[in-house]
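Colleague: Below is a structure I'd like to ask you about.
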């Protein structure tokens with residue numbers, strides 16, 4: 001398959017510009033999903049488990065289909081990186097979505113996420129398989145090793161933090177509680193911190209513009225959400241630990 005250089009270039013820049021615009025938007029409003037959704041508002045609501053499954057699936061399925069149905073450039077490094085990308089979305093699609101206890105999401109949020117995940121799945125998959133040129137020993141490069149270590153460290157933080165959040169409330173309870181344990185001792189958005197570390201690690205390991213643009217978009221989209229959560233906890237709980245930061249330990 002021929003590399004679609006213009007598509008990759010403009011798609012990556014769209015992530016950069018879109019991420020920055022989304023960051024500015026979230027400075028004044030909440031994206032209506034999770035605790036910020038009004039379940040009584042008009043419009044179609046999608047159950048949390050179905051919504052997460054549907055919206056995360058394309059980011060797993062599109063790269064896998066590209067791997068199985070197209071010829072790719074040689075090199076073990078690119079395949080290791082792409083399967084690492086797919087591993088995250090396998091966990092989000094087939095594990096996280098089936099365990100989540102979140103609130104329903106508006107249909108337009110789910111549709112927007114599906115479109116984004118389709119585009120990103122193609123952008124990362126196509127670039128990795130058909131465009132980028134790695135030397136044969138890339139999987140031994142310092143950038144690759146450092147990035148992969150960051151990725152799996154972030155993934156572990158993300159999964160553990162989700163586990164803590166799922167088990168905060170007993171069956172039947174609906175009120176929010178203070179999360180404790182793990183990275184939540186340092187930041188209010190421990191799950192978001194883990195995911196940011198993941199995609200920054202993936203960007204370092206792949207050393208590519210599409211991966212860096214996706215990492216930036218991730219920071220711009222869930223970074224402000226961690227700040228909103230932090231402010232929510234401070235306003236709701238008088239005994240909330242004042243030493244915790246929003247998303248970056250000891251800093252922010």
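Yeah, the Cβs are placed from backbone N, Cα and C, and that goes for glycine too.
On a predicted model such as this, the values are computed, not experimentally measured, just so you know.
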Colleague: With TrEMBL as the source, which of 126-143, 144-161, 162-179, 180-197 is set down as transmembrane segment?
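Modeller: That would be 144-161, the stretch labelled transmembrane segment in TrEMBL.
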Colleague: Under an 8 Å Cβ to Cβ limit, what residues of the same chain, 6 or more beyond the ends of the transmembrane segment (144-161), are close to it?
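Modeller: For the transmembrane segment (144-161), the list is 77, 80-81, 84, 87-88, 91, 138, 179, 182-184, 190-191, 193-207.
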Colleague: Do any residues, 6 or more residues outside the transmembrane segment (105-123), come within under 8 Å Cβ-to-Cβ of it, and if so which ones?
Modeller: 8, 11-12, 15, 31-34, 37, 41, 43-46, 48, 51, 54-63, 66, 89, 210, 214
Colleague: With helix taken as DSSP H, G or I, strand as E or B and everything else coil, how many residues of the domain '3-oxo-5-alpha-steroid 4-dehydrogenase C-terminal' (104-252) land in each class?
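Modeller: Counting residues per DSSP class in the domain '3-oxo-5-alpha-steroid 4-dehydrogenase C-terminal' (104-252), I get 101 helix, 4 strand, 44 coil.
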